[in-house]
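Peer 1: In case it's useful when we look at the structure, here is the feature table from Swiss-Prot:
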- MET44, GLY192: substrate binding site (BINDING)
- ARG120, THR165: ATP binding site (BINDING)
Amino acid sequence: MLNTLWEIREKVRDLSPLVVNLTNNVVTNFTANVLLAAGASPIMSEGVEEADDLVKIANAVVINIGTLHSRQVEYFKKAVYLANKYQKPLLLDPVGLGATTYRNETTFELLNSGNFTLIRGNYGEISFLAGNSAQVKGVDSQTSDFAAENLTEVAKRYKTVVVATGPVDYVIAEGELYLNRTGDIMLQKVTGTGCALTSLIGAFVGVIDEPALAALAALAFYGAASEKARKISAGPGSFLVNFIDSLYNLTKEEFLELTTEKVQGLR
């Protein structure tokens, strides 16, 4: 399996998929740099007027609700419609879902307005989507009692691939369940690493027709790069720089070493 995951990573570098990001203004720069380092081509867009032109040429479209406002929501709705119209992979990152009524209403409105290829969130966000309405304390909620059943519920309800990231990353789709245990805790010390991960998953989904396997490849690659970076970093500042470098220069040999016995397919 690990060799297959690396082949997907190489496809990203070879094909340089165009990822249209409708993301939040906290993470725009970091997300673009993550995509570039991995070999993808990012577009960071805020103007609904260019939606049709961009979605038409995209290999994937990523919606991130991190810094939510009404003008952005208008763009989100149009992007959902256009991605479905042009049959483009469409990903949702419901940042902070469960924290405010506005985020909750917007997320459910988007999910009910079209078909999403994949939803990625942390344990708290995915649990909320599944109907467990405990208050989410922040955008980095890592609820320790997360149950994999939450993914099954969300995947069935929205007919999509669901990715929940935390101490163990879960990927579920119909007939598929994967676990990933790569990743360093330093990722939690740099803002935007989850948001950038969703966009990176978009790049991987954009090069093969198996979104669950593509998501697993992105998770394993991202986590392995973070582990490599941590080894030569003194703290969050140097880690940030070293992480971008690791995404760029991680070798197959390093990937296989860092992912062995950390990636599983359960069915």
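Using the three backbone atoms N, Cα and C, a Cβ is placed for every residue, glycine included.
Set these features in their place in the structure for me.
Peer 2: For MET44 (substrate binding site), other Cβ atoms within 10 Å of its Cβ number 17. In the three-state DSSP classification, MET44 (substrate binding site) falls within a strand.
In the three-state DSSP scheme, THR165 (ATP binding site) falls into the strand class.
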Peer 1: Ranked by the number of other Cβ atoms within 10 Å of their own Cβ, which of the binding-site residues ARG120, THR165 ranks first?
Peer 2: ARG120
Peer 1: When you measure from the Cβ of GLY192 (substrate binding site), how many other Cβ atoms are you left with inside 10 Å?
Peer 2: 22
Peer 1: What whole-number Å value do you get for the CA-CA distance of GLY192 (substrate binding site) and ARG120 (ATP binding site)?
Peer 2: 14
